[in-house]
């Protein structure tokens, strides 16, 4: 089997050594080279043509954003950003520019703790050969040519349904490639749907609040990071908090969020399966589950639960998925109602809701 060739770009000598040590412990990986600033980094990427680049965003001579634009424009290569939690807004900018994923340093200023992210970075590196680089390049070009407009100011969401709808909730799960995909779906609507949307995106603690705030600015929905006790109501989008699972329960005639610590068997967090299964239990046949891009099989048990409760399930098509792992496993269950390219998912949701909501 061909080994995964990686170039490590980081201005911290300790961080470079730590990342190289992690990578060299993987028999399927070879570190082809490293660089301590952006200018040297782009030369190494062009000369060595690696399968993957790990990238620090804050560097001398050429910052990570400039380097990322050059890589995606001249020698498209999968890039994993390694970032401090304090740089959360920068991470989402990097994902928009074409980075495929990110790994969070455990805490700012404690380089030694970088060693604790070994499992996370190794898992993401192993998925490099399953990445859909054509779709990553296409999305990056679309964002550069036509960045999403700022959504019109929204009125405060009210806990009531103002238009009849065949669904109560749309539950979306995703992993690698998910943040730009979710942004694309939500920003496609010109008006909020008369249903709730709940989202579990595999993401560490410390990043989901910024993700929710970003989506809130770029869509007509009220989007927030879910907190325990939040009410689920039409027009509201709730994002599972990083490092925790989001489930639901009925309380005094409403449905509320319960934020739970992950169980030992939860490999992926926040768990898409846990969210989908809870939606099936609470919302029953008025649930639509959507499994987007991502590695692994999270979501496959959840779509079975939704179908068992009489609900509906969609999966993202291979043509648009950055990683087809999660959608493939959902489709393999045999219960998915339709396989849909990313750019048509918002329209499909609207049709299944049964409301004539305008789309861009």
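Quick reminder: no glycine exception, Cβ is built from N, Cα and C everywhere.
Features reported for this protein in Swiss-Prot:
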- 175: active site (ACT_SITE)
- 202: active site (ACT_SITE)
- 298: active site (ACT_SITE)
- 5-120: domain 'Response regulatory' (DOMAIN)
- 169-356: domain 'CheB-type methylesterase' (DOMAIN)
- 56: 4-aspartylphosphate (MOD_RES)
Quiz item: Which site among 202, 298 has the most other CB atoms no more than 10 Å from its CB, taking these as active-site residues?
Solution: 298
Quiz prompt | Counts by DSSP class (helix H/G/I, strand E/B, coil) across the domain 'Response regulatory' (5-120) | solution = 56 helix, 27 strand, 33 coil
Exercise. Summarise the model's confidence over the domain 'Response regulatory' (5-120) as a mean pLDDT value.
Key: 87
Self-check item: For residue 202 (active site), the three-state class that DSSP assigns
Solution: coil
